[in-house]
Amino acid sequence: MIEGEGRSEVSKALGLLVCGTLVYYHCAYRNSTILSLFSDVLIVLLCSLAILGLLFRQMNISVPVDPLEWQISQDAANSIFAWLANTVGAAESVLRVAATGHDKRLFFGVIVCLYILSAIGRLVSGATVAYAGLCVFCLYMLAENSQSIRTCVPQLQRQRNGTIVEDDNM
């Protein structure tokens, strides 16, 4: 993996964690609706853009790209919707097989997962579960792209297999 890609993934994970924290705070802690969150975000963005526009005009800086002229390509739109259709189709296929009962192991696995989700839903709010899942996902992304963890894992695997390698630098 290229060094810049790892930093990009780490920054995405941190950005996702910060956004998730703000959404959780706004919706769960403040007991606000998602519509209130979207309106607050829109107001902050519009005010920020207005202040930046005034600042750029005062400093005689021209903006090189007009966001009103941005367009998404047809290929990008097709690939996004193809991915979405494939994901929904795969989930529907798995649930159909589980519902028919032909695969008993899958059927009982789905029942256990739904029961666990039901029990968790009775204990905590959905926003808390979603935020915890987001945190776990972000930690996974950080751990997978962290250079120190990437160098430690092979050493741990060698120790577990019984082949401890001495380091010559000591």
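Please read every residue number as a count from 1 along the shown chain.
Just so it is clear, glycine is given a Cβ too, placed from its N, Cα and C backbone atoms.
Annotation source TrEMBL lists domain 'Reticulon' at 11-137.
Marked as transmembrane segment by TrEMBL: 12-29 (among others).
Positions annotated as transmembrane segment by TrEMBL: 41-60 (among others). Long-range Cβ contacts of the transmembrane segment (41-60) within its own chain (Cβ-Cβ under 8 Å, at least 6 residues beyond either end) are absent.
Per TrEMBL, the feature transmembrane segment maps to 106-121 (among others). Among residues of the same chain six or more beyond the transmembrane segment (106-121), those with a C-beta under 8 A of the stretch's C-beta atoms are 94-95, 97-99, 129.
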